[in-house]
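Beneath this line is the structure, given in structure tokens, with notes to follow.
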Amino acid sequence: MAFASVAAVAPLVAGNGMKMATTQAYLESKPVQEAKALLTELCRQFYHLGWVGGTGGSITLKVHDDSIPKPHQIIIMSPSGVQKERMLSEDMYVLSPDGSTVSAPSPKPYPHKPPKCSDCGPLFMKAYQMRNAGAVIHSHGMESCLVTMMNPTSKEFRITHMEMIKGIQGHGYYDELVVPIIENSAHERDLTDSLAAAMEAYPKTTAVLVRNHGIYVWGDSWISAKTQAECYHYLFDAAIKLNQMGLDWSTPTHGPIKRIQGLSRSGEGAVSAKVGTSGFNPGEPMPRCIVLDIEGTTTPISFVTDVLFPYARDNVGRHLSSTYDSPETQDDIKLLRAQVQEDLEAGIVGVVPVPSNDEGKEEVVAALVANVEAMIKADRKITALKQLQGHVWRTGFLNNELEGVVFEDVPEALKRWHSSGIKVYIYSSGSRLAQRLIFGNTKYGDLRKYLCGFFDTAVGNKRETRSYVEIFQSMGVDNPSEILFVTDVYQEATAAKAAGLEVIISVRPGNGPLPENHGFKTVNSFSEI
């Protein structure tokens, strides 16, 4: 075996003093050799997919070993500047968990270049350190390059309502996939800080696009990284083809791309649809009904993510155990079982099978808690989770452990609209029980007296047009344009508009960024409506 061992005698030792492996013996062990063989096989496969042609792109993975915690597992990395489809196991680099070289390949005769570890190394290490990844893929696939050029100023790629989104960790069909885009540089290593900043700014992302260059994708295993990379390239290709057809890949309906023309400040050309579109213009008729989103619209996102979600996560086990035999909790468990089975069939990462009741309450509750925690972490907008969360939060409100939070302009606006005869409703992915708890227990008192009703995902997903058609048909108006929907989520706004509703986007502190030229009216406060 042709290796130039850098650490042929000293053992690899983790920072806590735990011995991971003796170098030469471990380098020749079955797990390491299998990992190298796998990497060469993946390189050949990715070459034929067009991801690593021209010696570009790279792959790395950790040597899986149940006896070694992932942060301490050694790393296999492909070399730089070589024909990826012709690589052999002996061409691979072996690195320690901190990225230092443990074993390097021996030089080969002309015309081969001297061995050099992948230029992507510093970026790969960021994925290992910041995401506890098990494998990272850097692709130069044409789709990942072209998709960043469709809008040269955009800092994100967004797509929704595509089946292959389900292959991306933490995402479902109705979710919006957001991939950050960083600018390219002349040298790969110079991208390291930009990649790390994008990973920090987008904690849910499993990929970062590099404009005019390619993509970095990571997963907790080589299977996860490979699966997601395939799904990302499919989605990029779909977006490119939809764009060629004049269709908008970023909206739920994938309808025609809207070209909004107007005058710029200099009097020429097209302008952003956001200019001059806050609130209603003087003289415009007020709607007969207003439907309000909660998170990011009436209530800070931080209240949900930093207060409600942690409370549900920390108390769900106690709640399920203490109320296990009640009809209400058995109904919650039935819904969760069905959702877990659906997730297992869809191959969603992190799903734990729920044992039968015959195996005992403790085993069932433990499995349910594990699934609920994963659902909360992924911010799943599913009825099974939302119904259970509402029941857990009810206990918190009854025990005065929780208090509903709304923006300070909300109570006055609700009172004003109510006095004007406008009917106000709530539509949230949270259960109707959770909605009533939030508005019924605020420091401003019980605000439910200003509300006419509550809608949740029982009427449909908030990013589906038919959900807003259902809401319209439930109200006493003849035309959907008599209903104003206020939300902070662009995809919800698009779906509601497609159903004929008037729409305003709420811009609040802590809300996520909106697409450029989104075309909707915006408000920073309900006082503007």
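Keep in mind that glycine also has a Cβ here, set from the backbone N, Cα and C atoms.
Any TrEMBL annotation is an automated prediction that lacks curation.
TrEMBL has this to say about the protein:
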| type | residues | note |
| --- | --- | --- |
| REGION | 1-248 | region 'Methylthioribulose-1-phosphate dehydratase' |
| DOMAIN | 37-240 | domain 'Class II aldolase/adducin N-terminal' |
| BINDING | C120 | substrate 1 binding site |
| BINDING | H138, H140, H213 | Zn(2+) binding site |
| ACT_SITE | E163 | active site, proton donor/acceptor |
| REGION | 290-529 | region 'Enolase-phosphatase E1' |
| BINDING | D293, E295, D488 | Mg(2+) binding site |
| BINDING | S428, S429, K462 | substrate 2 binding site |
Cβ-based neighbourhood (8 Å from the centroid) of the Mg(2+) site, residues D293, E295, D488 excluded: I294, G296, T297, T298, T299, I301, S428, T487, V489, E492, S506, N511
For the region 'Enolase-phosphatase E1' (290-529), mean pLDDT (0 to 100): 92
Cα-to-Cα gap, H213 (Zn(2+) binding site) vs C120 (substrate 1 binding site), nearest whole Å: 13
Nonlocal residues around the residue listed as 'substrate 1 binding site', in sequence order (Cβ under 8 Å, 6 or more apart): S58, T60, S80, V136, H138, E188, Y216
Sparsest-packed among the recorded positions, when each Cβ's other Cβ atoms within 10 Å are tallied, from E163, D293, E295, D488: E163
For H140 (Zn(2+) binding site): intrachain residues, at least 6 apart, with Cβ closer than 8 Å: W51, V52, G53, G54, G56, G57, H213, G214
Binding-site residues near E295 (Mg(2+) binding site), in sequence order, restricted to S428, S429, K462 and a 10 Å Cα cut-off: S428, S429
S428 (substrate 2 binding site) to D293 (Mg(2+) binding site) - Cα separation in whole Å: 5
Top Cα neighbour of S429 (substrate 2 binding site) in the set of recorded positions E163, D293, D488: D293
Between D293 (Mg(2+) binding site) and K462 (substrate 2 binding site), the C-alpha gap once rounded to whole angstrom: 10
